[in-house]
Amino acid sequence: MDALASLADGFAVALTWQNLFLALVGCFLGTVMGALPGLGPSNGVAILIPLAFTLGLGPTEAMILLTSVYYGAMYGGRISSILLNIPGDEPALMTTLDGYPMAQQGRGGEALALSGVASFVGAFLATWGLVFLAPQLVKVALLFGPAEYFALFVLAFATLGGIASRNQAKAAFAAALGLGIAMVGVDGQTGVPRFSFGEVHLYDGIDFLVAIVGLFALSEVFIFLEHRGEASVEGKDTGAGIGRIVPSGRLIARCTPTMLRTSLLGFIAGVLPGAGASLGSFLAYSMEKKLVDREGTFGTGDPRGVAAPEAGNNAAAGGALVPMLALGVPGSGTTAVLLAMLLALNITPGPLLFTQNPDVVWGLIAALFIGNLMLLAMNIPMVGLFVRVLLVPPRILMPIVAMVSFVGIYGISGSTFDLLVMVVFGVLGWLLRKLDVPLVPVILGVLLGNLMEANLRRAMTISDGDWTTLFASPLSIGLWTVSIVGFVLPIIFGKVLRARMGRRKDEEGAVSD
Amino acid sequence: MSDRIFGGIGLLLAAFFIWGATQIELSFISDPVGPRKFPMIIGAVLGLASLVVLIRPDAEPHWPPLGRLAEIAGAVAVMVAYALLLPDLGFVIATAAASAVLTWRLGTRPLWAVVTGVLTSLGIYTVFHLILGLSLAKGPLGF
């Protein structure tokens, strides 16, 4: 098997002291960020990107650090879900349903341990899925010409709102806004300045890292400021007992079929565009409820109700890396942010990444396996440590988040102008979240706008200005069809699905997964 | 109502964006599409989406009371001041001041806010500058 041989090479890359250390740091930070309500995988990774960049880490090292944070956050989200009934991040929402009742019954430790194992199983299987599926997808992607790529970008935007999207008009608005921001600066093909209005700082365009950190991290600070003093944001005491932290063999054996089924489902949800980890955990929970909940114990502290969403969301997190690495088109918020890191390092993801930088890809995948083991080790015996982190009140944490964001951006450019632009994006992010406009399409637009335009213009140059070239191949017709279906379906089914997922805890919601 | 205003602003923005696209100078080298058309398509999508929001607004979001809006405006002012003063004051002083004000407004008692601000600043300085070697803004005092 090619994939296995490449993976072995990957382990050779990942098993250096420096990379192991970075994976360890990433896993630790990720778990902390996931556990803290308000900081999720996407803003956690967003804050770290400028830092990884200014520290001069190479592409492999930087990606190992950041994907460890990503995986770690998926583990960490469950801690506050179980102990405080507050999801640490959006994908962990479903874990509150059975996790918190378990904690109230004094079985919090058991729930934490079991969900740790479930997270491990989900992430482990999904990483294997990544090993085998990504190279296959690369083969398909090599058939893509500029017209197909353009259609693929359209597909990504059309489906990004997700099946559970509330308002497709707002999702489209967000995408167009992001693309519009990407247009600022000198046009790469003809060299004329666009939308810069004579401001020299704008000739280079708006740095997407500045936009991402502002939209994701600073807006969170404003949300906290707005809700100051309300019960849901103040650090709550973990009133419920933790109990034993070691999972019993019997319990794990009982949940194994659940974990295997939901891992598969979660992985598929992660790979598909527009689904992501939140939907993965939701689908996993509802499927298990239908399949095994004969006594009606789901929702009252059933261990399987804890295992299902955790295996599902971790598997979805792994699955979401497949389109990001193989096609260069991310399907979720955090993978969009990871893509930003690659672009900042001048590495273009997509099929060429696998041939030109196999060390980055396979080193990264190997690091995911290693990180996953570290996370299992960290999250079961040491979970008490993370529980203590939850007691840091947001009033101290949030200023730190803001200041670290400033440090990262200032470190890249040393420019006051960029800091001001970041504050503007922070306010914009807050406003958009209040108005229920999703932020992920904005980010993706800023990131991919120039690539999307370049592919359109390349396709048109090849066809000498004939617009029908965009729909000329069966592959691109297929992509356009999926885009249209993916955009229209949520308008029809979104309401039903949302009603089932239940009211979200806070209306602005966590940013995304 | 919020969504109607939002849609209206979106429409204006789209119009402005399309007007901006028509102002892009054309260079003598060009491809069949040129630098104007893609921005115009984006502007059209932006306008269309805004129009839909304007016609079919969602339920009113929960806006914070005026006092809280002032708090947020205050935080923005602190951040802007921080960005502008950073090169003059140096990292440690500017950061201590900014995080003290922020944590105070988030509910820490004034005296503790100062302590928290100084500790936050020194902590970040230690981790990012002394340990990781990141270059932070140097003030007149050298830190």
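Any Cβ shown, glycine's included, is placed from N, Cα and C.
Summarising the annotation, TrEMBL assigns domain 'DUF112' to A:20-444. According to TrEMBL, the feature transmembrane segment maps to A:20-39, A:45-71, A:111-134, A:140-164, A:171-188, A:208-225, A:264-285, A:324-348, A:360-380, A:400-432, A:439-457, A:477-497.
Using the rule of three or more Cβ pairs under 8 Å, pairs at least 6 apart in sequence, the transmembrane segment (A:264-285) is in contact with the transmembrane segment (A:140-164).
Counting Cβ pairs under 8 Å that are 6 or more residues apart, the transmembrane segment (A:140-164) and the transmembrane segment (A:45-71) reach fewer than 3 and are not in contact.
Within the chain, the transmembrane segment (A:111-134) has long-range Cβ neighbours (under 8 A, six or more residues past its boundaries) at 3-4, 7, 71, 74-75, 78-79, 82-83, 95, 98-99, 102-103, 242, 244-247, 251-252, 255, 259-260, 262-264, 266-267, 270-271, 303, 306-308, 310-319, 321-322, 325-326, 354, 361, 365, 368-369, 372, 375-376, 379-380, 383. Within the same chain, the transmembrane segment (A:400-432) stays apart from the transmembrane segment (A:324-348): fewer than three Cβ pairs sit under 8 Å, each pair at least 6 residues apart. Looking only at the domain 'DUF112' (A:20-444), the predicted model's pLDDT averages out at 84.
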